Amino acid sequence: MATTKSFLILFFMILATTSSTCAKLEEMVTVLSIDGGGIKGIIPAIILEFLEGQLQEVDNNKDARLADYFDVIGGTSTGGLLTAMITTPNENNRPFAAAKDIVPFYFEHGPHIFNYSGSIIGPMYDGKYLLQVLQEKLGETRVHQALTEVAISSFDIKTNKPVIFTKSNLAKSPELDAKMYDICYSTAAAPIYFPPHYFITHTSNGDIYEFNLVDGGVATVGDPALLSLSVATRLAQEDPAFSSIKSLDYKQMLLLSLGTGTNSEFDKTYTAQEAAKWGPLRWMLAIQQMTNAASSYMTDYYISTVFQARHSQNNYLRVQENALTGTTTEMDDASEANMELLVQVGETLLKKPVSKDSPETYEEALKRFAKLLSNRKKLRANKASY
C-alpha cells in the first residue's frame, strides 16, 4: 500500500509537469539504489565492481570511486550495508571500501554472520558478529560524514513508522545523525533472522532519542528505488547546483537500480489446491515471499512507467536476475559453494540482454551509464571552475 501510494504521488506530479526543456547533463541528478537480500548482496556487488572499473577506465583514474559520481546512493538491508561501504570515509576522506572489496567482505564475514545460533526461540542468528564487524569497519562515523547523500531505510517497531537516514534530513531532525554501524545493523535486522536493534542519539535540545529498529525491507519491501528517487527529488529542489530543474523532470534524473535476484519459478511453486490446505504458519511464510516478489516487480513497473511518460526510459536501468534456482534463492546460505554460485550469477548477468526486446546487454548498458556519469562529472567540474 505504501509503495502504491508513493508511486501515485510521483506519477501525478509528473503528469503535472509541463517542462519540455532539454536535459542539461551537468545538472542531472544521479541515483544509485541497491536492494536488500542478505548474502545475495554478492550479485549487486559484482555489478558495482564492474561499473566502478568502467569509471576508472573512462576517466583514466584508478582511484575513481562510485561516490564521486552519484548524488544519492540508497539501500536497504544488505543494500544499506553496501551503501555504507562505498560512502563512509576513511582517514583520507575517501570511501573506505572500493567496489572490488565488497565480494571479499562477504566471503570473509558471511559464514560468521549467518552462523545459526541454535536457539529454538528468538531469531535464527544472534547478530553479535554482524554488529562487531560493522563497528570495526565503520568506526564512529556518522551520517553527516557520508561522502554523498545517502538514503538508508529502517523501521521503528516502537513508533510503528519507517525511519529514513539521509544527510539532508539532519537540519530538521538532528537525532537522525546516528553512527553508521548502528544504521547498517538496523537496516539488516530482518525479522526472524536477526534481533531488532536498540540505540540512542540526541535531539537538538540534548534530549535522549531512542530507536527500536528492524530491517529496512519492512519499510521499503526490499527495493529502495522509490525512496532513493524521492530523496533525489528533494535534493534537486533544494540544491543550487540543480537550478535548471524548475519542476519534477525525469529527463534530468539518472537512476541505476540493482536487484539481488528473484526466483523465476516462484509462480509455479504453488497451486490453489495446495494452498487451500495451508495453515496460518505456512501462509505467513508464503505471504512474505509473495510480498517481496510482487513489490520488486511493481516498483520496477512503476518507475519504468514514470520515466517512459517523460520520454526518459534510457535514464533508468534496472539490473536484476530473475532466474535464481536452488540455494542461490536463499538470503542466508553463506556456504562457500553458494557464494561462488552467486558470483557466477552476477558475472553471467552482465552478459544477458537488458530485456527480451533489446539486444543491449547489461554490460553494454553499464558502459553507457559510465560514460554518462563521467561526462556529467567533468561538465560539473568545468562549470564550478567558472
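Even glycines carry a Cβ here, placed using N, Cα and C.
Keep in mind it's a predicted model, so treat the numbers as computed, not measured.
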Out of 75-79, 325-329, which range is noted as motif 'GXSXG' by Swiss-Prot?
-> 75-79
Range among 36-41, 108-113, 156-161 that Swiss-Prot annotates as motif 'GXGXXG' | 36-41
Euclidean distance between Cα atoms of Ser77 (active site, nucleophile) and Asp215 (active site, proton acceptor), Å | 6
Note: in the chain of Asn115 (N-linked glycosylation site), residues six or more apart in sequence with C-beta under 8 angstroms of its C-beta are Tyr125, Tyr129
Cβ density check for Asp215 (active site, proton acceptor), other Cβ within 10 Å (all protein chains) comes to 28
